[in-house]
2 protein chains.
Amino acid sequence: MWKAVPKIRIMDTTLRDGMHAMAHQFTPEQMARVAAALDEAGVDVIEVSHGDGLAGYSFQYGFAAATDEEYLRAVAPVLKRAKLAALVLPGIGTCKDMQMAVKAGVKVFRIATHVTEADISEEHMGLAKEMGAEVVGFLMMSHTVDKEKIAEQARLMESYGADVVYVVDSAGAMTPQEVKEKVSYVRSCLKIPVGFHAHNNLGLAIGNTLAAVEAGATVVDGTLRGLGAGAGNAPTEVLVAALKKVGCEVGVDLYKIMDAATVLEPMMRRPQVIDNASIMLGYAGVYSSFLLHTYRAAEKFGLDPRDILMELGRRKIVGGQEDYIIDVAYEMAQNKQVVAG
Amino acid sequence: MWKAVPKIRIMDTTLRDGMHAMAHQFTPEQMARVAAALDEAGVDVIEVSHGDGLAGYSFQYGFAAATDEEYLRAVAPVLKRAKLAALVLPGIGTCKDMQMAVKAGVKVFRIATHVTEADISEEHMGLAKEMGAEVVGFLMMSHTVDKEKIAEQARLMESYGADVVYVVDSAGAMTPQEVKEKVSYVRSCLKIPVGFHAHNNLGLAIGNTLAAVEAGATVVDGTLRGLGAGAGNAPTEVLVAALKKVGCEVGVDLYKIMDAATVLEPMMRRPQVIDNASIMLGYAGVYSSFLLHTYRAAEKFGLDPRDILMELGRRKIVGGQEDYIIDVAYEMAQNKQVVAG
């Protein structure tokens, strides 16, 4: 089935994207235990930060149980083989935060922007390279644009020094066919490796990641037990089994990564399942942070929140446009009255 | 992506395969409520029986909260559009059970055999046709043989009068590539439609079902919230969203099927997640009923149960060979001593 056995690099983001499902309340000691188990299993990169990246710790994004520095300093000493990574969202994380992170042991920066805004990552990527770190570019909400747009933005990140660029399915809205089409095109436009980050809203986190690998992605993300916002991510331990099953070399021990999931499990606040709200977010292609605003708007205007999500998806609104939800709901309520009258 | 919009038939087996996760303890009244919600959503076929099919109610397979007849008679009157189905495993369910089922309202028989034993379904299929029922053939453990063997056995079922034959991934062990290869080959060998039944052990229940549809399957199974043994099935409400997303016509209302999942949810004993045992069953390709025997054998011989499962998978043992697990474990323990010595 495979021309050669592809080597796939696994980056685990339990201790970053999983923070959303923990209301950012992992303790540094818990992080160190999970990280040690991931390291022992052979995971290549372990991402540790507030769910919204360095400096996410705030009134707006949610207070965490510790600062990024405390988390990083707790995890760095337990890693024997894995590289420590931190997420940076330009606009939230600053150059100062990145300097702190390098001092605390970070070797990899994952720098994320909306899929049409790669240009805001230039300064952060430059600094990361300057400090000798590996740079991973993250193009979020890649389902909202066509493959040419993703490739254009990926090339920008490549030009800023990125060592890898990820196609990121932030809303769990992509289908395997779409993943293959987008990843293989981006792959053909870049000299650097392409990565894929999945969410499980439509039950496709593993299926889409395999599709990405089939299309040439060589770096993929997971979180233990799928820990993450809403429907969560590709469960790292399941991903390892699935990748081995299709003949990939992953450098991770299956028994030990399942053991790592066992270390995490008692820390979880709830089992990671696909609820109806997650399905709607994936189906509509809307970012999970819009959910609460949507419920409020639905109640205010007597609308079905599912209809609002569908309309937001059609209009392709992006993070930061939360206020716009009220406008959309108001407009929908007006139209409804006209139709009813 | 699609040449034409394919029409996909959804058969829901929450009230049959889901029975395993309920220790067969749904009450008839609960079944009626779930069935009414499935019917209202537009699901075409609703399967109702003991988890192991008609007459599964026994010491060996587990006592249910009611008899098949009580379940069927509770569900039949609430269906306005959907057809009532029952599972039959030849060797467990008899012709007499099938006659009772038809009197109780069954219009579809799903007749299941191990993928190499289609010949034992001839009599049951003949009787089902005689009674005017639709006949669905189920080839279980389809991951254990090659596509030619599946096609040969599917043709047998076709010759017995089956109206549909399913490729069944009983252990959740198949990959999307394998599903495509097997389903498209079987499809090319038959005049009747091909179905696909997934399990989620490797997180691929939805991904594999989409792969099956891409390869020409036009009938697919799901259970609300994925309710089923171990990692469970393809969640029907997620499947509907995913199929609509790739452009299929499914005849099921997305909001209403999510509502049906909400009806089921409070009846569930635990959230449906992928635990380590499920991963191992899928990875090794071993049927879930072997798990308890494997744990016992592991304890007895001081072995890692995961190693036993891997060995059982390599030897492709089938249902009914549970006693063989002790032999395998004994042999493994002997070899271990020799190596250690």
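Think of each number as a place in line: the chain as shown, counted from 1.
For all residues, glycine too, the Cβ spot is worked out from N, Cα and C.
Unlike curated entries, TrEMBL annotations are predicted automatically.
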Per TrEMBL, B:Arg16, B:Asp17, B:Ser170, B:His197 bind substrate; matching candidate in B:Tyr287, B:Tyr295, B:Tyr324, B:Tyr330: B:Tyr287
List of residues, in chain order, with Cβ under 8 A from that of B:Ser170 (substrate binding site) and at least 6 apart: B:Met140, B:Met141, B:Ser142, B:His143, B:His197, B:His199, B:Tyr287
Number of other Cβ atoms within 10 Å of the Cβ of B:His199 (Mn(2+) binding site) across all protein chains: 29
Fewest other Cβ within 10 angstroms of its own Cβ, chosen from the recorded positions B:Arg16, B:His20, B:His197: B:His20
Segment-level pLDDT (mean, integer) for the domain 'Pyruvate carboxyltransferase' (B:8-258): 97
Cβ-based neighbourhood (8 Å from the centroid) of the Mn(2+) site, residues B:Asp17, B:His197, B:His199 excluded: B:Thr13, B:Val168, B:Asp169, B:Ser170, B:Ala198, B:Asp221, B:Thr223, B:Gly228, B:Asn233, B:Ala234
Other CB atoms within 10 A, centred on B:Asp17 (substrate binding site): 25
